[in-house]
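For reference, TrEMBL has these:
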TRANSMEM  81-102  transmembrane segment
DOMAIN    85-286  domain 'Cytochrome b561'
TRANSMEM  108-130  transmembrane segment
TRANSMEM  151-172  transmembrane segment
TRANSMEM  192-214  transmembrane segment
TRANSMEM  226-245  transmembrane segment
TRANSMEM  265-285  transmembrane segment
Amino acid sequence: MQAAHWHIKQTLSSQAPGSFLLLSPACNVPLLLSPAHQPSSLQARPALLFLKQGLGTQHSIHCLSMESHAGPAATPRALPYYVAFSQLLGLIAVATTGAWLGLYRGGIAWQGVLQFNVHPLCMVIGLIFLQGDALLVYRVFRNETKRTTKVLHGLLHVFAFIIALVGLVAVFDYHRKKGYADLYSLHSWCGILAFVLYFVQWLVGFGFFLFPGASFSLRSRYRPQHIFFGATIFLLAVGTALLGLKEALLFKLGAKYSTFEPEGVLANMLGLLLAGFGVTVLYILTRADWKRPPQAEEQALSMDFKTLTEGDSPSSQ
């Protein structure tokens with residue numbers, strides 16, 4: 001439980017007789033409370049300082065500062081094991097991708113026929129492994145400041161985007177040099193959709209949550225969509241990789257794919273690893289009791305005055 005310390009002073013202003021000022025020791029900006037709207041128990045309210053804005057029965061209020069004596073939030077017992085398992089699957093998937101390309105596709109290079117192999121490796125590292133890790137930031141870093149967690153979440157997505165962009169450029173450049181057609185398969189359609197949505201998701205998230213940042217009310221309305229589309233784009237990327245993997249095997253092996261060729265078996269194992277990583281990450285994200293608890297320094301909140309007086313508080317991602 002978070003505990004806050006507040007000072008209440010009865011106002012002597014002739015414009016608001018009987019009202020109270022709610023003051024925080026860390027800030028001199030008061031909240032003017034009329035007798036009809038004073039919370040019944042200020043000590044029981046969230047550790048927030050609010051500044052009244054506007055008139056009427058519904059009051060918009062902004063968090064300005066807060067104090068807390070809460071200790072670090074406890075990590076759920078099973079969470080570290082699931083996170084470790086997801087990382088094991090992800091790293092093995094990346095290593096298996098490299099082994100598949102090295103053993104059966106000649107390795108990777110930016111020139112010649114090996115340029116195509118840059119594409120699957122970059123996509124697995126960027127749009128699957130790093131994107132999945134970026135989604136897990138809010139589950140793993142539970143006691144760091146919200147700003148630090150946001151920056152790490154955004155940076156991982158930046159790295160994932162850059163690596164995926166290299167993979168996308170590699171395949172288009174390879175097709176151009178060889179005179180192959182572009183964007184005709186289901187894999188390519190899903191891939192372009194995932195990449196564009198990923199870029200848009202990052203831009204919107206950056207504008208809402210990092211810089212310049214939207215108001216809390218706007219962020220709270222958008223946050224569920226941000227979380228939903230983040231998980232959806234991640235699963236779309238995993239599904240697209242599985243489509244591309246099967247497409248590559250059919251192009252090269254053809255009918256021999258059904259004879260349990262070693263390359264086909266290894267690629268099938270890679271597909272299972274990618275699917276397992278995606279499912280594990282999704283499971284961690286959907287466990288409500290594993291969400292990152294609100295931290296004391298989380299500020300710039302906005303809520304309805306009625307919500308405050310009823311004892312509710314905004315939830316944090």
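Just so it is clear, glycine is given a Cβ too, placed from its N, Cα and C backbone atoms.
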Check the transmembrane segment (151-172) against each of 81-102, 108-130, 226-245 and return whichever range has the most CB pairs under 8 Å.
108-130
Beyond the flanks of the transmembrane segment (108-130) by at least 6 residues, Cβ under 8 Å:
90-91, 93-94, 97-98, 101, 156-157, 159-168, 170-171, 173-174, 177, 191, 194-195, 198, 234, 237-238, 240-241, 244-245, 248, 274, 277-278
Grab the same-chain neighbours of the transmembrane segment (192-214) for me: Cβ-Cβ under 8 Å, and only residues 6 or more beyond its ends, written as numbers and ranges.
127, 131, 150-151, 154, 157-158, 160-161, 164, 168, 183, 222, 226, 229-230, 233, 236-237, 240, 300
Which residues of the chain, 6 or more past the ends of the transmembrane segment (265-285), have a CB below 8 A from one of its CBs?
79, 82-83, 85-86, 89-90, 92-93, 96-97, 99-100, 103-104, 124, 128-129, 132, 135-136, 139, 227, 231, 234-235, 238, 241-242, 245-246, 248-249
Mean of pLDDT values spanning the domain 'Cytochrome b561' (85-286):
95
